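**Student:** Sharing a structure, written as structure tokens. Questions coming.
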Amino acid sequence: MDEPSVLDYLKAKLTFWKKSNFELARGGEEVQPREEYPVSAGEEKQETRPILLGLPWPILLPVGLALVAQFFLEPPNRSGLPAALFYGAAALAGGIAAWKGWLSLAEGQPEVTVLDHLNYRRTAALTGFLGLMASFLLFGHNRFNPINLTVWLYSLGALVVAFAQPLPVPDWKALGQRLQLWLKNPAIALRLSGWGALLVVVALVLAYFRFYDLNRLPMNMVSDHAEKLLDVGDVLHGQFKIFFERNTGREAFQFYWTALMALIFKTGISFLSLKIGTVIVGVVTLIYIFRLGHELGGKWVALYALFFAGIAYWPNIISRIGLRFPLYPFCVAPVMYYLLRGLRRGYRNDFIWAGLWLGLGLHGYTASRIVPALVIVAVVLYSIHSQSAGRRRQALVWGAIVLFIAFAVFIPLFRYALENPQMFNYRSLTRVADIEHPLPGNPVNIFFSNTWNALRMFFWSNGDVWVHSIPYRPALDVITAALFFLGLVLLLVRYLQKRHWRDLFLLLSIPVLLLPSILSLAFPNENPNLNRTAGAYVPVFLIVALGFDALVRSLYNRVLSRQGKRAVILTGVVLAVATVSTNYQLFFVEYRKNFDQSAWNTAEMGEVMRAFTHSVGTPESVYVVGYPYWVDTRLVAINAGYPEINPELMPEQIPTTRVNPGAKMFMVNPADEQAIALLKEIYPEGWMRRYSSEVQGKDFLLFFVPAMEDSLP
């Protein structure tokens, strides 16, 4: 065989992704073949292909094209046509790369072929059924009480016992022996792998994004917060409702949960209590997204899903705003996890868990009422694919168990819905039908238009609601959107190749979970929005994680030199850091600025009210003079720590305040010249000053009136 030339050597070094079986000998040493890169378990070794210009273009090209496409869609200067062309090219390049095996998705957990004989405990089932019927009869008058709660919880426990499969019995003897051996020589050894260290870093980053400056971001409430805090106050004062009818009706979970937060953290009836509760709900959702990632692609996909969902601006806003919105993904994530895991391994207890979470979710946010449809879609897709061979009958029973257990948890609301169908369905029907507003056109046309707008929200516009979004920007940042698009293409190609039901389910789950927004037929301008679509961010960020993992892993496994592998790792780190930086800017800078400029500064007004009542005044001697489209006066009192009062005073009522002899303070809109003149006329001894807000354009006037005895000569 001919000796390699210097030119051959240079070619080998420049094309580092190719396998080279020779090195230039040093000092007469024999040239040894290079060892092949060990391929990770469960992954086929891929053939290394020649790639132009020293870079693995078939892998990089789809991502690069998608990034360029999304840059064209970033506000304020958008170009739809170039973006469509680049995304089309990215789809073609990604499809070819996936079909050829250059880009490949991680494999999910292996299927387990265990047959469920569908046996159950008859006595426990009968007890559960009877208890469920009794609790239905007891849940009248829209109230929880010790009797109906006890009967209901007992019936739930009996039903779980009736249908659950036995848990593995621990080997207590072996455990005791191990404990005795450890007690003789107690020692704790802590080991942290590279993956574990990354998990710790990701957890710290997520903790920052979710909890940093929670008291001030966002700072001000809107009227919906006032309604919720009044309901929390009802709970703390002993009104244990099943359905809270204030503000067109809301399910109960958030109010009991927030009351618990207020008691545990001593934060009272406050915005902070709402935000603590919703942030914790968001963290639980992240845990289940992590578990879903592991189910769908292993520990690296789990880590990436946790990271991208944790730092993205969309889930952060939904979790921090203090409204019911995060209860939708809070329902979706665990239901999807137990459903997918249960269908994979045929373990009935997973379906019981899915039913319990689904039932709990139905007590949370109205949008969660679409999740039973997601369960049905999953069971149907599983049943018509080859992975269900020999278990199709069992799959139908498992799906029925999910829905039945969920119904059992839903029983209190079911009783209320039968007694008060109009109130229970009011929020939904005002959007789907013409109860409140006539449909603006043909409902079929509106539906398909809404569907298109909702499906493109990830790349184009997430709606115009400033409370929980940055209006008119894409729901995803540039990098995440490109990875999401890549993941979609790869999932579609893999489904066409392997026909695995789980890939199709992941794709179809997104439009299903967008339906609460799409079905806003009477108010199509409300679609899309980030609150009624929040459940969809669960599969969205799973697909983002699959796309990122496919990119990094495919690159890593196709380069053989250490320098090349370091370059791949560096590329992944750069993408991750850029994503963190972008979402930090979106949430902590742009969203904060836009929110502060859009919301009235009731927090500052509340601080002024608190200071006045702690010095010379009382809560009853503080007045906020009403003015069109100004502050919700209830929020001023809530921020001051007085949720039980409303300091609102209309201008024509100003003269009535003379009966109060104590010191008084009036808060006035600077544009309300009529109220200013009236105050000066009635209280010539008073004085006025302007409060300079932290936010430009949010100043307000303070008019102080001394106590009557203080004004005497």
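Every residue gets a Cβ built from N, Cα and C, even glycine.
Whatever TrEMBL says is automated annotation, not expert-curated.
Pulled these features from TrEMBL for this protein:
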{"type": "DOMAIN", "residues": "255-413", "note": "domain 'Glycosyltransferase RgtA/B/C/D-like'"}
{"type": "TRANSMEM", "residues": "55-73", "note": "transmembrane segment"}
{"type": "TRANSMEM", "residues": "85-103", "note": "transmembrane segment"}
{"type": "TRANSMEM", "residues": "123-139", "note": "transmembrane segment"}
{"type": "TRANSMEM", "residues": "151-168", "note": "transmembrane segment"}
{"type": "TRANSMEM", "residues": "269-290", "note": "transmembrane segment"}
{"type": "TRANSMEM", "residues": "296-314", "note": "transmembrane segment"}
{"type": "TRANSMEM", "residues": "321-340", "note": "transmembrane segment"}
{"type": "TRANSMEM", "residues": "396-418", "note": "transmembrane segment"}
{"type": "TRANSMEM", "residues": "475-493", "note": "transmembrane segment"}
{"type": "TRANSMEM", "residues": "505-524", "note": "transmembrane segment"}
{"type": "TRANSMEM", "residues": "536-556", "note": "transmembrane segment"}
{"type": "TRANSMEM", "residues": "568-588", "note": "transmembrane segment"}
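Each of these features: where is it, how hidden is it, and who are its neighbours?
**Tutor:** Taking Cβ pairs closer than 8 Å, the transmembrane segment (55-73) reaches residues 17, 49, 79-80, 82-87, 89-91, 93-94, 96-97, 100, 102-103, 459-460, 474, 478-479, 481-483, 485-486, 489, 551, 554-555, 558-559 in its own chain, all 6 or more past its ends.
The list of residues near the transmembrane segment (85-103) in space but at least 6 beyond its ends in sequence, with Cβ under 8 angstroms from a Cβ of it, reads 46, 49, 56, 58-59, 61-63, 65-66, 68-69, 72, 459, 482, 485-486, 489-490, 492-494, 497, 550-551, 554, 558.
Residues 145, 147-148, 151-152, 154-159, 161-163, 242, 408, 411-412, 414-416 of the same chain lie 6 or more positions beyond the ends of the transmembrane segment (123-139) yet place their CB under 8 Å from a CB of it.
If one looks beyond the transmembrane segment (296-314) by at least 6 residues along the same chain, the residues whose Cβ comes under 8 Å of a Cβ in the stretch are 42, 105-109, 195, 198-199, 202, 205-206, 209-210, 285-286, 289-290, 340, 462, 469-470, 475-477, 480, 483, 502, 506, 530, 534, 537-538, 541-542, 544-546, 548-549, 553, 576, 579-580, 583-584, 586-587, 591.
Sequence-remote contacts of a segment are chain residues at least 6 beyond its ends whose Cβ falls under 8 Å from one of its Cβ atoms, and for the transmembrane segment (475-493) they are 62-63, 66-67, 69-71, 73-74, 87, 90-91, 94-95, 98-99, 103-105, 308, 312-314, 457-459, 462, 469, 503, 506-507, 528, 530, 533, 540, 543-548, 550-551, 575, 578-579, 582-583, 586.
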**Student:** Are the transmembrane segment (536-556) and the transmembrane segment (321-340) close enough to be called in contact, which here means at least 3 C-beta pairs under 8 A that are separated by 6 or more residues?
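**Tutor:** Between the transmembrane segment (536-556) and the transmembrane segment (321-340), contact is present.
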**Student:** Under 8 Å, at least 3 Cβ pairs, sequence separation 6 or more: does that hold for the transmembrane segment (151-168) versus the transmembrane segment (396-418)?
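**Tutor:** Answer yes, regions in contact.
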**Student:** Give, as a single whole number between 0 and 100, the mean pLDDT over the domain 'Glycosyltransferase RgtA/B/C/D-like' (255-413).
**Tutor:** 97
